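Residues or ranges marked as domain 'Phosphatidic acid phosphatase type 2/haloperoxidase' by TrEMBL: 128-240. Residues or ranges marked as transmembrane segment by TrEMBL: 36-69, 99-121, 128-146, 166-187, 194-213, 225-243.
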Amino acid sequence: MHVFKQQLQQLSLYFNYIISLPVSSYNMRQRLTQTFLRLLALLTAEVLVLGLAMLLCLALFFFMAHLVFVARDNTLDAALFAFADRFSSPAMTQVMRGVSFFASFEYLLVVPPLVVLVFSFFRGWRWLALKVLLISFSTSILNQLLKRYFERPRPETALLEQSGMSFPSGHAMIGGAFYGVLIYIVWRTVRAEVWRWVLTLLLTLLVLLIGFSRIYLRVHYATDVLAGYAIGLLWLMLSLYFMRRLEASYSRKYEQQV
């Protein structure tokens, strides 16, 4: 928000400068006005859409927190537990345990560093490697801080033992952020649009299945999972936005030195 205010102040100063130009500088004023309008269009497209998406994520997170800790309404949790129970079977339980593994502590302890290691060998992908590392690591820390703050116990009817607090779901939050970065990388690196959409849909489906697996296994309430998705996506968008600005700033400084 502070960065957004600074951008608006800079644009306001720029606009005042354009207006103050003398009539003899009409052509220059026209060119500057066109440049200003292009900058304003970019600002509107990126910042406003991004800001709206982040506000929606924040609203969803606080709504889930309100349901759990203020209203103490378990209607949503009970409804989704009942829905998951329709698919209950020994075979499905094994499948859900397998799906859940793809956002487990053991998995995320190994796979993101491996992705970073592979990306580091490609010169143009080193910034992408840094994004994977920082976003995965920072999301994990944020999740633990939120769990300790809210201290919601896990469901008592869990199908497997799981330590730690329940709100928000670490699998939904950290897994969503990690696979969200991979979706971002897909759109940055894959040229064929068909494959972009195929990979995006597969990764999105995996994230949704991971969230459902946590409800099915009764190690999380539905409100935990939805809150995890919301805050994980919010943190992902914030991180990517500021890291893109850092990357652009670094690139400009490097070009000036060269």
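Here the Cβ of each residue, glycine as well, is placed from N, Cα and C on the backbone.
Tertiary neighbourhood of the transmembrane segment (99-121): same-chain residues 128-130, 132-133, 136, 140, 170-172, 174-175, 178, 182, 206, 209-210, 212-214, 217, 219, selected by CB-CB distance under 8 Å and a gap of 6+ residues from either end. With a cut-off of 8 Å between Cβ atoms, the residues of this chain six or more beyond the transmembrane segment (166-187) that come close are 61, 64-65, 68, 100, 102-105, 108, 111-112, 115, 128, 131-132, 135-136, 139-140, 142-144, 146-147, 150, 152-155, 195-196, 199-200, 203-204, 206-207, 210-211, 213-214, 219-221, 223-233, 235-236, 240. DSSP labels the residues of the domain 'Phosphatidic acid phosphatase type 2/haloperoxidase' (128-240) in these numbers: 86 helix, 0 strand, 27 coil. Residues 108, 112-113, 115-117, 119-120, 167-168, 170, 173-174, 177-178, 181-182, 184-185, 188-189, 228, 231-232, 235-236, 239-240, 243 of the same chain lie 6 or more positions beyond the ends of the transmembrane segment (128-146) yet place their CB under 8 Å from a CB of it. Within the model, the domain 'Phosphatidic acid phosphatase type 2/haloperoxidase' (128-240) shows a mean pLDDT value of 92, rounded to a whole number.
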